[in-house]
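Data block below; observations after.
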C-alpha cells in the first residue's frame, strides 16, 4: 500500500512539473543587424554581407556563431532604402497617421543556413522561453526579402504555414508563382517566365541559331533555364550545351569553363545570379576567353560589382534584361546625410555649435564630388523595396481603418493572414508615378530595359539602354530594340554570327548530320543540270522557285473534305443524342447498348481523324494522322465485331441446355473491344519507335513542284496497321454473313454484313488508288476512304434503328423485336 501511494505521489509531481514546463530556446537568439521599435513592425532578411565562415560542426560542444565578411553594397543599399521608406511613412499625415512603423533587418551573409536562422528569429522574436499559449500575433506584420530566389524559397516555405506575408524585391523564380505552395508570398518584380521567353526572342531576333547556355544550380537558375530551353526549341534555336554550377563548386566551374572553351557557339545565355556570374567572370578572365556575345539576366547585367579592369574584355558588348531604374526623390540626400552624420560626427548637438563647425568644415569639399548621387541610384532594385514597404503600409492602413483626421484605430489585433488578404487587394500609385498592384500569382507586371555593356571615352563601363520589354502591351508591341546603338562583343560594331552550319550556297542542298541538332547540316552539291529549289519558267529563259504543294485547308478540295468530315461528326452526335433519349426502348437496349454508344464515339473519332491529314505536314502531324487513324478504326471494327458475336451467341443461347451467354456477357464484350484495340496500339508504338512517318519533300514526282508529304517511314509498319484492320473487318464480315439468315424480326447481323461489305470494298479499291494518285491527291484519296467507310458504318448500322425510332415507333416493342423466338435474358 505504501509503495502504491509513493508511486502515485511521484506521478503527480512529474505531471505538475510537466505542466509548468515551457519550450526554451537552446543557444543564443539571433539579433537583427538594424532595428527600431514601432507600433507595427516590418521585418527584413537581406544579405548585407556576401560571405560566411562556417564553424566546425563536431556536435561535441555548443555551436559557435557564424562569422560574416565582405560587405554586399547592393543589399546594404536595399536596407537603407527600406529605412528611408519607413521614415517617410512615419512622417506622413495621410498614410498610417498616429501609427509608427518599426523594423528588424537581419543579415543572412548570403547563406541558406543563416537565412533559415533569420526566418526563425523573425517568426519567434527574441524570447528565450515560449509562453504556455499562443496569441495568434506574429512579432512582425510582414517580411521584406530575400533578394535571391533560393533563399526566398526557404523564407516563403517556412512562413507560409503561419500566413506571414513575404514580399521580395528581386526573387524572380517562376517556381514562386505556385500559390498552392506559397500562399503568402508576393514580389514587386515580375517572375522569370517573361524574361526567359524574352531571352529566346532576343536570340531569334538577331538570327543566332546556335547558342550555349549556363545557369546557376539553384531554384533561380534551374527554373529560368528550363523555360528558356523550351522557348528556344519553339523558336527553332539549337543549344550546343547547357551547363550549370553553384557558387561553392570550384571544380564544377572549371568544367563549365572548359565546355565553353571547347564549344563552337559564339553566343552564351547566362542565367546566373551575380555571385555565380562573378565566379564565372574570374575564371573566363583567367583562361583569357573573350569575344563571346553574352546574353544576361536582371540578376547581374547591371551589377557594378562585376566591373573590374579586366571584366570588359570578357563582358564588353553584353546584352541583357534589367529592372527599370526609377529615381526615388530624396533618397540620395538622405543616404549622404546619414553617411555624413555617422562617419564624420557632423550631427550638430545642442550648445556645441563651435565643435560642429570644427568637425564638419574640413569635410565640406567632399560634397563637391561630381555626380555623387549616381552611385547611390544605380541599383534598380531600390524602387522595388520602396514599393514593398509602401504596399505593407497601405494594407495596414486599410486594416486599421485609418482616417486622415481621426487617425487609426488603437489596440487592433492584426493577424498575419489578414495582412495577406489586404495585400491581394492593394492598389496605389507611388510618388514616382508607378501604379502598384499584385496579380493572381502575387507578382507585378513584367517590365524590363534591354541594356548593353559599353565603354565611354574615359574608359568607364556604362549600361546603355537599347530597348525594352513590356508584358502589359499587345504581343506585337512588347519587344522593341534599337540595334543601331548596340556595341557587340569585343567592342565590335558588326553583329557576330553564331550558327552551327552556314547557309548552303547556290547549287547545294542541306543534308542533316546524323545524331546532331537540325541546325547542323552538310551542304551537298546538286546533281548535274539541277539548281537547288528552282525550276525554269514557261519561256525556258529564267529560273523561278519551285511551287510547294500540299493539301491545305484553304483550297476547294480541302474545304469540301473538311465539310464532309464535320458533317459526319454532326450526324453521329445527333444519332447519339437520339439513342440516349430512347435508351430505355427495346431497339436501343437490344444487342448491348454500351457497345452502340462506344461505336458512335469511335465513329466520331474516325470522322475527326481525317482532319489531321489536311494542312502543312509537320513531324507531329505525320505521326499523329496515321496512328490515330489506325487506332480509331480498330476500336470501331472491334465494337462491330462484338455486336456480331452477341447476335450469334444470343441465338445459340436459345437452344435447350445452352449457357453460352455467360461466356460473352457485357463485361466480356467490353474487354474484347479493349483487347483488340490494345494490339493496334502496340503495333503503332512499335512503328513510331523504329521508323516513324516524317515530313518529306518529294521532288521526284513533279519536276516543277515540291510536294510536301508524310513519308511512311516503315512500309511494313503502315502495312501492319492496315493489315490488322483488314483482318478484323474480314472476320467481322464472315461472322455477320453467317448470322444474317437467323430468324428475327430485327436481325442486326444483316445490316452489319452490308456495312462490312462497303468497308471492305472501299479499302480494297483504296490501295491501287493510293499508289497511283499524284501529290496531294494521295492524301485526298486516303481521307475519302476514311469518310466513305465511316459513313457506311453509320448509315448501315444506325439508320434502320433511327427509322424505327422516328417513323415506326409501334415496332419499337419487345414483342415485335422478339417475334415468336424468345431469347434468354442476359
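Using the three backbone atoms N, Cα and C, a Cβ is placed for every residue, glycine included.
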Per TrEMBL, the range holding transmembrane segment, considering 530-555, 556-581
556-581
Per TrEMBL, the range holding transmembrane segment, considering 502-526, 627-651:
627-651
Other same-chain positions with a Cβ less than 8 Å from the transmembrane segment (783-806) and lying at least 6 residues past its termini are 561, 564-565, 568, 571-572, 575, 578-579, 582, 585, 587-588, 596, 599-600, 603, 606-607, 609-610, 613-614, 629, 633, 636, 640, 746, 748, 751-752, 754-755, 758-759, 762-763, 766, 770, 812
Using a cut-off of under 8 Å between C-beta atoms, tell me which stretch among 556-581, 593-615, 627-651, 671-690, 751-771 contacts the transmembrane segment (721-739) the most.
627-651
Non-local residues, at least 6 beyond the ends, that sit with Cβ under 8 Å of the transmembrane segment (671-690):
595, 598, 623, 626-627, 630-631, 634-635, 637-639, 641-642, 645, 713-714, 717-718, 720-721, 724-725, 728
